[in-house]
């Protein structure tokens, strides 16, 4: 064990004998930070109702053809990839709180540009700005929440990041029923503006302040968040202040979390979830469901409910169990959805539609209508399975497994991986469905889900109930 490793293993913040009374303001601070994920969830979901609205709009509104619509949905992920790199730099330079405040600027500016857009390029520029904010928020919010939360509630609060994302997506779907694309963009400015106001009243994380040797500020932050700073001690700080160096990748406490974090982000996107959410209406139309807008909202509601359930049980069931269970459910559901497309491929008699408002027990008009319910059921099961594990847990683990002195760089690499994979999957999903046919595309996603289960069981550690320093010690084999 090197001297750096020994320093890293010491707890930066340690309650004496567990007797410190936990404060409730930590939940308020977590909510303020989670408004960032709510904003980027809204930005992700914005394209689904906005694209049909833009295609119906009369000049001088921008006109979207198929190629422009594809870029309108996908370009946000390119901006988010850049935002992940920027967020990784900011979070170590200016701190977690100021980074969250910073990301409100491109959120509001991007939606304002979309609102004023008169041509396609301006629309895409606005989407790129909101994507930049998405990438920054998706990195900084989990880090901020994991560092202010104590172990007993870190799973609950960390899972709220994904809960706010899917809530933002659902809000975009619901608002898209009554608002056109311009007013929907105006509404997108509200959550980041609220976050700006609320985060101004929240403290920086005590862990970050201690790495900057700001003992008094850290004590004040602990008092605000946890109700007491007495008994929380500062050890000698060494390795945390040195920053990241490539030579450190030889250390197990660095390269093991790197491999796990990057792999989790890649598997999350290879499941096809972003393609499903971006093109939910198109997928359900392909499944011959008449009211695809209602289908998208149903998917959003299921995702919110099951993500909330995951947040509640996260600190009891553990991360590893939920990840494995989630992956198994996604394997079977995506296989079933692919089977639906295989069974209905080329069948001229399979043109009837399933009405989502009709009772489940009604007799289908023909076999095609019955098979359409297979599409509805398997898609909803896929969304539920993803929401329980592979939705929230990769982001939660990303914020838990890295040592403080490499957290900015490491989480930046993870977020960059996630959003680049999201761009590739989202941009090429339609082409993949043409080449492999729809059933082949979903069976390929099923294979990746199976690989994710095997990876979870063989490589992912359990972090439930452990301090961040204990997690670091685990990777060193102590």
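Every residue, even glycine, has its Cβ placed from backbone N, Cα and C.
Some features that TrEMBL has for this protein:
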DOMAIN    29-464  domain 'Major facilitator superfamily (MFS) profile'
TRANSMEM  26-48  transmembrane segment
TRANSMEM  68-91  transmembrane segment
TRANSMEM  98-118  transmembrane segment
TRANSMEM  124-144  transmembrane segment
TRANSMEM  156-175  transmembrane segment
TRANSMEM  181-202  transmembrane segment
TRANSMEM  258-280  transmembrane segment
TRANSMEM  292-314  transmembrane segment
TRANSMEM  321-341  transmembrane segment
TRANSMEM  371-397  transmembrane segment
TRANSMEM  409-426  transmembrane segment
TRANSMEM  438-460  transmembrane segment
Worksheet item: With pairs 6 or more apart in sequence, are the transmembrane segment (321-341) and the transmembrane segment (26-48) linked by at least 3 Cβ pairs under 8 Å?
Response: no
Worksheet entry | Remote residues contacting the transmembrane segment (124-144) - C-beta distance under 8 A, at least 6 residues beyond either end | 29, 33-34, 36-37, 39-40, 43-44, 46-47, 68, 71-72, 75-88, 90-91, 96-97, 99-100, 102-107, 109-115, 117, 158, 161, 185, 188, 192, 205, 395-396, 398-399, 407, 411-412, 414-416, 418-419
Practice prompt. For the domain 'Major facilitator superfamily (MFS) profile' (29-464), provide the mean pLDDT of the predicted model.
Written response: 82
Worksheet item: Among the recorded stretches 26-48, 156-175, 371-397, 409-426, 438-460, which has the greatest number of Cβ pairs closer than 8 Å to the transmembrane segment (181-202)?
Response: 26-48
